[in-house]
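Asker: There's a structure below that I have some questions on.
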Amino acid sequence: MSWDLSTAKPPVVVDTTLRDGSHAHRHQYTVEEARAIAQALDEAGVYAIEVSHGDGLGGSSLQYGFSRTDEMELIRAVRETVRRAKVAALLLPGIGTRKELKEAVEAGIQMVRIATQCTEADISEQHFGMAKEMGLEAVGFLMMSHMRPPEFLAEQARLMEGYGADVVYIVDSAGAMLPEDAYARVKALKEALSRAKVGFHAHNNLGLAIGNTLAALAAGADWVDATLRGYGAGAGNAPLEVLAAVLDKAGLNPGLDVFKLLDAAEYVMGPILHFQPYPDRDSVAIGYAGVYSTFLLHAKRIGKELGVDPLAILLELGRRQAVAGQEDWILRVALELKEKEAGALAD
C-alpha cells in the first residue's frame, strides 16, 4: 500500500535511544555511553533526546528492572554534552511523581513526555499542570493505541490538549499496527485537535516501523520518534539512520545529517548494543497478539527459568489484553501455563 506524501511536511524528530533503548539495554547505560550517544545525535541535528529509565522517571525497581546508573546522572551528562538538542524525559503517572519530575528539571530536562494507557488520559491532568508550572514543553503519549478506534483516541487526545499538552502522540506500544491503522489514528487526531501537534511512535514487531511512520506523516503527523539501530523494546523502534535516509529521499528531511547518523549507528551504537532488535519469533508474536513491547525480555527470562515457551506466554498475555504496569502478569501466566502442562502430563 502506498501513501501520498505530497502534503506531508518535514517532521520534528525525537530520538529515544536513551529511553526506549534502555529496555533493550536492560537499563544498564553508563554515563560514558550516554555522552557518546548524545553527542552523535546532537551533531546530527535531532530536535530532542529522551533520557530516562525505559519505564520513565522513577522506573528503576524490582518490577521494571533496576538501572545501573541513576537516571538523573544520565540526564545531567546528556544536558552537559548537547549544544542544540533539547533534553526530554518520559513520565508515567503512577510510576513517576512530582519529586522525580522536579529532580529531572534540576538535572536539565526541558521537555517531559507524559504517557498513559490510551483509555486513561484523564489521569494525566495534574502531571501536565506540573509540567507547565515547571516551564517544560509537554507531550502526551497515548500508549497501546492499537487497542481503541480512531474516534475514541481523538477524545482522549482532546483531554490531553485541554490539560496543556503541546503535542499528543499515537503510540504503537505493541508494534501491532498496519499502515492504515497508523494513518487513521493520526488523521483522527489532526482533525480533532485545535492547538496541539500530533506525533507518532512506532515499534517494529511486525517489521512496519518505517512504513507506519510514513503512513503517519501522510496523515499529517508533526512529530515522529526513532532510535539509533532501532534499539528499543520488542523488535525495537524505527531506526533513526534509516528514517533519516528515507525522509531525505522523500524531500522531508528536517535537517538531519544522514551520513553522521549512519556513522553514529555503526561506530557509536554498534559497539554498545547488547543485541540487535529485530522481528524474531517472539517479537512478531508481540505484534501479532498486541502485547506491550517491553514484556519481551521479561517473558524470555521467565520462560527460560520455568521451562515455559515465551511464545505461549506472550500469546496468552495478548488474549488477556495485558498493558503497561501489569508486568507481574507475566510470571502469573507462566506459572499457570506450567501448571497446566504438568496436569496434562499427569493425565
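Just so it is clear, glycine is given a Cβ too, placed from its N, Cα and C backbone atoms.
From Swiss-Prot, for reference:
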{"type": "ACT_SITE", "residues": "HIS23", "note": "active site, proton acceptor"}
{"type": "BINDING", "residues": "ARG19, ASP20, SER173, HIS201, TYR292", "note": "substrate binding site"}
{"type": "BINDING", "residues": "ASP20, HIS201, HIS203", "note": "Mn(2+) binding site"}
{"type": "DOMAIN", "residues": "11-262", "note": "domain 'Pyruvate carboxyltransferase'"}
{"type": "SITE", "residues": "ARG19", "note": "site 'Transition state stabilizer'"}
Asker: Suppose you look only at the domain 'Pyruvate carboxyltransferase' (11-262); what would the mean pLDDT be?
Answerer: 97
Asker: Determine, from DSSP, whether ASP20 (substrate binding site) sits in helix, strand or coil.
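Answerer: Note: ASP20 (substrate binding site) is helical by DSSP.
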Asker: Can you list, in sequence order, the residues of the same chain other than ARG19, ASP20, SER173, HIS201, TYR292 whose CB lies within 8 Å of the CB centroid of the substrate site?
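Answerer: So the additional residues around the site are THR16, HIS23, GLY54, ALA115, PHE141, MET143, VAL171, HIS203, GLY232, ALA233, ASN237, SER293, THR294.
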Asker: Per DSSP, HIS201 (substrate binding site) is which: helix, strand or coil?
Answerer: strand
Asker: I need the least crowded one of these recorded positions (ASP20, HIS23, SER173, HIS203), counting other C-beta atoms within 10 angstroms of each C-beta.
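Answerer: Looking at the recorded positions ASP20, HIS23, SER173, HIS203, the Cβ with the fewest others within 10 Å is that of HIS23.
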Asker: Which chain neighbours of the Mn(2+) site, leaving out ASP20, HIS201, HIS203, have a Cβ atom within 8 Å of the mean position of the site's Cβ atoms?
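Answerer: Going along the sequence, the neighbours come out as THR16, VAL171, ASP172, SER173, GLY175, ALA202, ASP225, THR227, GLY232, ALA233, ASN237, ALA238, SER293.
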Asker: Just the number: how many Å between the Cα atoms of ARG19 (substrate binding site) and HIS203 (Mn(2+) binding site)?
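Answerer: Cα-Cα distance, ARG19 (substrate binding site) to HIS203 (Mn(2+) binding site): 14 Å.
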Asker: What Cα-Cα separation, expressed in whole Å, is found between HIS23 (active site, proton acceptor) and HIS201 (substrate binding site)?
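Answerer: Rounded to the nearest whole number, the Cα-Cα distance is 15 Å.
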Asker: Would you mind checking how many other C-beta atoms are within 10 angstroms of the C-beta on HIS201 (substrate binding site)?
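Answerer: Within a 10 Å radius of the Cβ of HIS201 (substrate binding site) lie 29 other Cβ atoms.
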Asker: Hey, what's the Cβ neighbour count for ARG19 (substrate binding site) at 10 Å?
Answerer: 29
Asker: What's the number of neighbouring CB atoms sitting within 10 A of the CB on TYR292 (substrate binding site)?
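Answerer: Around TYR292 (substrate binding site), other Cβ atoms within 10 Å: 27.
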